[in-house]
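As structure tokens, the structure follows; a few thoughts come after it.
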There are 2 protein chains.
Amino acid sequence: MSQSSPGSPLPPASPDLPVLRVAVLGAGTVGTEVLRLIAQQGEDLAHRIGGRLEVIGVSVRDLTRDRGEHVPADLLTTDPAALVREADLVIEVMGGIEPARTLLLDAMAHGASVVTANKALLAQDGPTLYEAADTHGVDLYFEAAVAGAIPLVRPVRESLAGDRIQRVLGIVNGTTNYILDAMTRTGASFDEALADAQELGYAEADPTADVQGHDAAAKASILASLAFHSRVRLGDVHCEGITEVSAQDIAAAGRMGRTIKLLSIVERVRDETGERISARVYPALIPDSHPLSSVSEAYNAVFIEADAAGSLMFYGQGAGGAPTASAILGDLVSAARQRVRGGVGPRESRYAELEQIPLDDLRNAFYISLTVQDRPGVLAEIAGTLSGYGISISTIHQELIDQSEDGGEKSLAHIGISTHRALESAMTASLDVFSSTATVLSIDSVLRIEGE
Amino acid sequence: MSQSSPGSPLPPASPDLPVLRVAVLGAGTVGTEVLRLIAQQGEDLAHRIGGRLEVIGVSVRDLTRDRGEHVPADLLTTDPAALVREADLVIEVMGGIEPARTLLLDAMAHGASVVTANKALLAQDGPTLYEAADTHGVDLYFEAAVAGAIPLVRPVRESLAGDRIQRVLGIVNGTTNYILDAMTRTGASFDEALADAQELGYAEADPTADVQGHDAAAKASILASLAFHSRVRLGDVHCEGITEVSAQDIAAAGRMGRTIKLLSIVERVRDETGERISARVYPALIPDSHPLSSVSEAYNAVFIEADAAGSLMFYGQGAGGAPTASAILGDLVSAARQRVRGGVGPRESRYAELEQIPLDDLRNAFYISLTVQDRPGVLAEIAGTLSGYGISISTIHQELIDQSEDGGEKSLAHIGISTHRALESAMTASLDVFSSTATVLSIDSVLRIEGE
């Protein structure tokens, strides 16, 4: 990792390069890695930027904790507000909405360019940050906010800036992928897999943001905004987590040659009312032959479909200190280069102002599982209800689950049904009927089927 | 593909946006697609750029050919030299070294930024182009030169600008991948698979640049230069093509659970003399479990290994009119934005000036196949030679191929040997011994094993 080597000593960068003052907000796993990379690659970065980075302070909540050799105690401060006003470049890895939001706005008002990994803040209030960057002529970069080290923000907003993105579909949350992957491999329940993930450090003590899909939804809102040149906020993203995914669902998917993954999907949808966009997060069954089905452990992978480029896939580590720090450093170099050479990076692009399509208007394929009374006519009744709402059945799997002694009314069966694509509203209506039908004892699962 | 839709009419871009004059050099498959995208996405591009693109001319060799609706006859010219002097932005998709080189230098001297897909020119004389861009304060973009629509140049030179890339390994030539994939699926010979590929449009009438590895080597030189901040020219890349890969090699690889792919590899190599870099192209055996082994038809896929980011993979269409045009348009938008807003894009970065490691000094694993006399002691002799040069055998497969009538001296055997990693120079020395040994009748194949 040293920048010099016996065979090829790195020529020193010119000593009179301009100096850029860097403030780091937060010294957790990512912040520490950012500081390590800046320290270890100082000479390389000076060459690449044409300027020298000088870390002028690191804001923390606890001054007394030892944070290792790359976080010198004399740089620590509990006054981030004062720190950001002195900086040319501010790296925000503290997370949360406040005080991060106020600090970044203040930093930009004082002329600093900003690099942030804060997906929640961007999803909730990105436009305010963009406007501040615009007003003050500074840069706002956030590659690390989506899929860690995987270059995704820059490809979407720059590489594909001359193309028309139709769809982005991906696994962008490592924790939930780790849990679903474990459930698939071992047959464990959600609770068991979550406990294992927590023990191994793949899930946090409070896993809500991950397992409820909020983290993936924040990333979907960022990707949708960039891909469709429209403002898509967190509240616009339909979001379902994985807490209801059962070992039975995983097994049923397996029987159908499918794997359950938590997907973030943003896409253009054209129908008779015109073109609208959809941003949604939910666990879905995808074919085992789909490349996303083999994305294991905490890895992330994202497909982008664009008119001219066709299908592109990006794969890598979506989280972790070093990968996230890599993305931040890439942005830092870009922002620093602009400082030195003039110019500004990409701005918010929201000219298209595409409307959101309500979930009800989407057409999706479904897998539903029901517990029903095992008596003649039940299947016909269920099929009739679905058919009445225009939903066509693709496959049915029926299994007796409780054979009572007299073989009579108390026998129960489990029915798993996969459907062809149908309106979400039609499925909702069918489920309403099922939940008020005596023969259907419970609706055990409702999952979409994607990637066909 | 229309930019307007009944539900969400695109708000028109301001009519008084600055106009950017675009010259297109070449109107083949890619040039035509570029012009189609500019025409169809005009309003979108104006919004994204903050300026309007006006195509002022398209240089061709034949004015009389009809090139479809998106290449208006009145824009055609056979005087590219005059055209580039009038342009703000020049798109070069004519290919070849001259006159492309002179035209691009002239364009930059007259203040135009340049977007080129010309990998051969960049690999042969990239530094001259970079210097011209630097001298005249204009941009030089070339995403389309490597792996078509797959964002690779921008991720390497920008997203990973704060990381330390150790290795880039990928399939970056669609034609050879199509041929090798067909050989693997059908058992066809190279000549048969090439003829099929030519018939289907996957290989050109003169396939030399592809099948000899020159195209992949040009891309390797570009990637190595960017990844290692050093100048790596085409002549620095060790290059072997796929013309010698036989159906027998493919079958032998299959028996070993491996697939043969043409790989472009650029990497840092540390040994006792320090850190050097290697750039090379050759057909290699990779494990069937390696993600690159399942890259089929004309697709491209590239792995990047960086210290902090870890392993990243990029996958998509590496060639074709529309995908290449997508990459060009992305660059065009970047270059146009800089024009409108000020600033310049990334420059050449060659500060590290890492030395090339000669092929002889590399350590590789090999698969070799020999035709030998089938008599006692032959295997021991071969094994002894390899061992004498420090090469350790991993697996041996022996097969009788010509049992003569008296079972005597004329019996022949085929021996396939895979080795552990050893110095290239040691393998060369061993092969020299084999070629002067009476018991070895022929050296049929020498292939590397990668991706273990």
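Keep in mind that glycine also has a Cβ here, set from the backbone N, Cα and C atoms.
Copied from TrEMBL, the annotated features are:
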BINDING   B:LEU25, B:GLY26, B:ALA27, B:GLY28, B:THR29, B:VAL30, B:GLY31, B:THR32  NADP(+) binding site
BINDING   B:LYS119  NADPH binding site
BINDING   B:GLU204  L-homoserine binding site
ACT_SITE  B:LYS219  active site, proton donor
DOMAIN    B:367-445  domain 'ACT'
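Annotated features taken from TrEMBL, shown on the structure.
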{"residue": "B:LEU25", "record": "NADP(+) binding site", "DSSP (3 states)": "strand"}
{"residue": "B:VAL30", "record": "NADP(+) binding site", "DSSP (3 states)": "helix"}
{"residue": "B:LYS119", "record": "NADPH binding site", "DSSP (3 states)": "helix"}
{"residue": "B:GLU204", "record": "L-homoserine binding site", "DSSP (3 states)": "coil"}
{"residue": "B:LYS219", "record": "active site, proton donor", "DSSP (3 states)": "helix"}
* Structure fact -> Quick note, B:THR32 (NADP(+) binding site): same-chain residues at least 6 apart with CB under 8 Å of its CB -> B:ARG67, B:GLY68, B:HIS70, B:VAL71, B:GLY321
* Considering only the recorded positions B:LYS119, B:GLU204, B:LYS219, which residue has the minimal Cα-Cα separation from B:LEU25 (NADP(+) binding site)? -> B:LYS119
* Around the Cβ of B:VAL30 (NADP(+) binding site), the count of other Cβ atoms that are within 10 Å -> 26
* **Cβ neighbours within the same chain of B:ALA27 (NADP(+) binding site) - under 8 Å, at least six residues apart** => B:LEU35, B:VAL58, B:SER59, B:VAL60, B:ARG67, B:VAL71, B:LEU76
* Sorted by sequence, non-B:LEU25, B:GLY26, B:ALA27, B:GLY28, B:THR29, B:VAL30, B:GLY31, B:THR32 residues with Cβ within 8 Å of centre, NADP(+) -> B:VAL24, B:GLU33, B:VAL34, B:VAL93, B:MET94
* Asked: If you measure from the Cα of the residue listed as 'active site, proton donor', which of the binding-site residues B:THR29, B:GLY31, B:LYS119 is the nearest?
  -> B:LYS119
* Do you know offhand how many angstrom separate B:THR29 (NADP(+) binding site) and the residue listed as 'L-homoserine binding site' by C-alpha? -> 13
* **For B:THR29 (NADP(+) binding site), the number of other Cβ atoms found within 10 Å of its own Cβ** => 16
* Structure fact -> Should one count Cβ atoms within 10 Å of each candidate's Cβ, the recorded positions B:GLY26, B:GLY28, B:GLY31, B:LYS119, B:LYS219 would be headed by B:LYS219
* B:LYS119 (NADPH binding site) to B:GLY31 (NADP(+) binding site) - Cα separation in whole Å -> 16
* Inside 10 Å of the Cβ of B:LEU25 (NADP(+) binding site), count up the other Cβ atoms and send me the figure. => 27
* DSSP helix/strand/coil residue counts for the domain 'ACT' (B:367-445) -> 23 helix, 33 strand, 23 coil
